[in-house]
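Peer 1: Right, I'll just put the structure down here and ask away after.
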Amino acid sequence: MQSDFQIARHYFGHYLKPYPWQLIISVLTVAIYCGAAVYTPILLGHAVTQLTTVLAEFRAHQTVVMAPFIRTAATMITINVVAGFADCATSAILGWVAGVSTSRMRSELFAKMQRIGVSYFDRTEDGDLLARFTSDLDNIFNAMNQVFVNSFYWFGSLIGVLIMMFSSNVMMGVVTIITTPLAVLVCWFVITHASRAVNEQQRAVGALNGYINEQITGQKVIITNGLQQPSIAGFTSRNATVLQAAQRGQIWAGMLMPVMSGLMLLNTAIVIFFGSWYVLQGNMALGTGLAVVAVFVQYAQQYYQPIIQLTSVYNIIQQAVTGARRVSEVFAQPDEVRSTDGKVIDGVHHGVKLTDVHFGYLPGVEILHGINIDAPRGHMVALVGPTGSGKTTVMNLLNRFYDVDTGSITIDGTDIRALELTSLRNNVGIVLQDPQLFSGTIRDNIRFGDPDAGDAAVINAAQQARIHDYIMTLPDGYDTLITDEQSVFSAGQKQLLSIARTILTDPPVLIMDEATSNVDTVTEAQLQAAMNAVTRGRTSFLIAHRLRTIVHADEIDVLRHGTIIERGTHAELMAANGFYAQLYRDQMPELATNA
Amino acid sequence: MTNDINQVQMLVMSILQIVLRVPITFAGALALALLAIPDLWWLLLAMIVVIGALGAFMTVKMGGYFGKIQHYIDEVNTIARENMMGVRVVKSFNQENAQMAKFNHASGLMETLSIKIGYAFAVMVPGFFMIANVVVGVAVLLIGNQITSHPAYLAVISSFVGYVLQILYALMNAAFIATGATRAFVSLGRIGEVLRHAPSMLFPNRAPVLNLDGGIELRNVTFTYPGDDEPVLKNISFKVQPGEMLGIVGATGSGKSTLAQLLGRLFDPDTGAILVGGHDLRELNPRSIRKAVAVVLQRSTLFSGTIASNLRQVRPDATVADMEWAAKIAQAAEFIDQLPERFDAPVDERAANFSGGQKQRLSITRGLIGQPAVLVLDDATSALDARSEKRVQEALARDLGHMTTVIIAEKISSVMHADRILVMDHGRVVGNGTHAELAATNRVYQTILDSQRNTEEVG
């Protein structure tokens, strides 16, 4: 088990690797900038010394020689201008690196998501997965912008200060850094407590967010059951937890920088007192001494600055490390298994067969116990049965969203696992019970499977799906913008749209899952017609609740608890007077009395 | 909501942390600098003006950028979410590459703007420092030139340099906060909007009226959804006797689901009145309404917890016997008994560990647990197979004969056995009678019946 920091190091290393030149140049510009920054105090010191000499000369000989001083001052100004440009260059380069690398992180995470199998999405809550895109990557971006870029400066100036201090006056240098061990200890102590507290805070916030989400989604239930007070009470208590955790977290985390600042001031005081004492003891000329103290006061502050800055962004670093770990978890998921030399098929010639299929989502919990179905080309096979009997599971297998545990599914005799996955899915179309639409125009949604399809094909598909007329009533027609959340379609119309989407790709094999269960009465007639249009001539597997829609199936398989208990045509099964017959009679009382 | 609150939180945090420090350090440093070397006041003023102007410029420009980048962020997140929720659609249509292209395009726009913002900061921040350092250099030069006439200045050069830098930091902090503040004020505005929105319905704090009988009456009820132009219910009037089972059918847009919501007082009618047990809903204490009328919606949310905790939300003192009774009628006992923990079985987020049919049966159980006088099922059995649905209705009729049941459904087979059926069409009641009567005489009913029958020849 790698630690969070190891994972983070690996993660960030991967994304910064492609930019060696930018990083090297940045090091150079930072060196220039930091060099200037640490040299300036020395120049200031020179200036002070020179002015002292000028004053002394003036008092003694009434002469003024400003030239050396002016040179020094001019140098100071020039160096600072150069440093300014170097600073600008550094920020620009590193800011660019941060921007492109975080963009790559986003793209690669998305690409990885496209490769992962369906089971990960079924197992993971949408909110949690989306958070990796939003808040985790956000935290990483913040860290890249605030920490990564600045860290170059911090290290550069730290090294520069140390060099300057010790090459100037070793003793004063030692005095200046004397509080370092204390600082390290304090830092370590506060950080340990802070990270614990901040983790608690993030956990509490996560729980609160989950609660809010749930309550708002279920607000109708809350209202109709008069649960407003308990709902508010639940929020208040969770909010109080967040408050406590946040206070603790923020106090510890917020304490770090002021404490370090305090240490810095302490350090400066030590330098001033010691330096002054030393000079006053007669160890140094007054002018020189003054200059030295002035210089080392600057160094004392410059020495602590990087440490202070680092501790002030500690929070951000912690969140970025956690973010890197969570994102890395997604990358650790296995990709969907695609065979490298898969066969490509073009249509179904003989049929689709399920042979002794056993499957369970979780190890040890088998859902399908030996399913056998033989669907010749062009036949419609209907799967019926109570909820939980395994019908949707069969559909998950036909498209290789999941793979069978034992047994096989074959098209024209070839195991579907031996086919190229893209080719398999080109040949197997689905219509889901809960159709998902995508942001874009209606036209984009209908030609989702073939973005290059022409308008004629789009309109034809819409007509067959009986949704064309409604689309033409919209002011923008096919160019109407929709998203899954805000669309102009009712639930039933969304299903017609998803049927149009599938019709457009004209797949030889079709799987429809409970497509008629959400529909309102009038559109049901349209849906029936649409379904007839989409199933005609295709080898189709229809998963249905409403028996009237599958009365014409070539074969009806009745599933119960993961096995097929009855099989036959509608007439055969009615004659057999078994489970299916009972189901049918329960749903069709008016037919029973009126037929 | 949470993002806006975060923004405001950060604003408050930065305000508290720095707005206290900034004016103090600024004023203090400025005062001390002027005390030290009063002659250079004009230099300090020039620096403050230049940096202040640059800071203001930066704030304004950045504000626009931040708004735009938020828009790009939203787009990117929408695509990500769609692909997560629609993963089956994307894979089955082999659109992984196309979606990646779409995503990368949106992400690219975000990247470009993000880098642009970075460049802006890369120029401005070093710019500020450069200005300050040049000022320091110029100050030293000027001080030095006057040193013979002001020898005392020598001692304060060092401090003066420090003060100048402090002034700079204060100004920079102010500029950064101002930039962040524009973002937060947008959030503040959005939060304020929600808080200011006055609740549109008033709930009287009267004494609860218990034991309402289950009689329902609608008198000339007209209702339009807020934001719509057309009323969805037009002058509806009907009466239901206590204990009756009433069915309501009609096409989408006919208004039947709206009726369910009005009965539960999720909305108030525009005109007319709805009475339960002889009392206008608007005059009843909300608790009385909840006790008397239970509405089970089609997609009823169950909350994460256990089955028992969900049931106890409605009736905190429900015993296991009460739960068993309700579950039996709702046809949920069958699968609850199979769970090892029975009523203490966990309910995951979004009740993902139950099938659609089981969720509905649990919702019906929840509707029954409070033993309401009126039970409204708004297409609440759509995910059940026909046999379960029939059993639920039989159980309701048999065990709760005294309870008024209103069944709103798409399928006529769901309401066939009701005592009476209302037929709704475009917001009006166009039929009222038994199934046999309506099938014989009501045009709209016949249309619906036909479309639900298998019109093609049965082989």
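Using N, Cα and C of the backbone, Cβ positions are placed for all residues, glycine too.
Sharing the record's features from TrEMBL:
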- A:24-319: domain 'ABC transmembrane type-1' (DOMAIN)
- A:352-586: domain 'ABC transporter' (DOMAIN)
- A:21-42: transmembrane segment (TRANSMEM)
- A:73-97: transmembrane segment (TRANSMEM)
- A:147-166: transmembrane segment (TRANSMEM)
- A:172-191: transmembrane segment (TRANSMEM)
- A:251-274: transmembrane segment (TRANSMEM)
- A:280-300: transmembrane segment (TRANSMEM)
Peer 1: Six or more residues beyond either end and a Cβ under 8 Å away: which residues meet both conditions relative to the transmembrane segment (A:21-42)?
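Peer 2: 76, 79-80, 82-83, 86-87, 89-90, 93-94, 96-97, 152-153, 156-157, 159-161, 163-164, 168, 294-295, 298-299, 302.
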Peer 1: Quick one: do the transmembrane segment (A:280-300) and the transmembrane segment (A:172-191) reach 3+ CB pairs under 8 Å, ignoring pairs fewer than 6 apart in sequence?
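Peer 2: Yes; at least 3 Cβ pairs under 8 Å.
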Peer 1: May I ask which of the stretches A:73-97, A:147-166, A:251-274 has the most CB pairs under 8 A with the transmembrane segment (A:172-191)?
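Peer 2: Comparing A:73-97, A:147-166, A:251-274 against the transmembrane segment (A:172-191), the winner is A:251-274.
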Peer 1: Can you give the mean pLDDT for the domain 'ABC transporter' (A:352-586), rounded to a whole number?
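Peer 2: Mean pLDDT, the domain 'ABC transporter' (A:352-586): 86.
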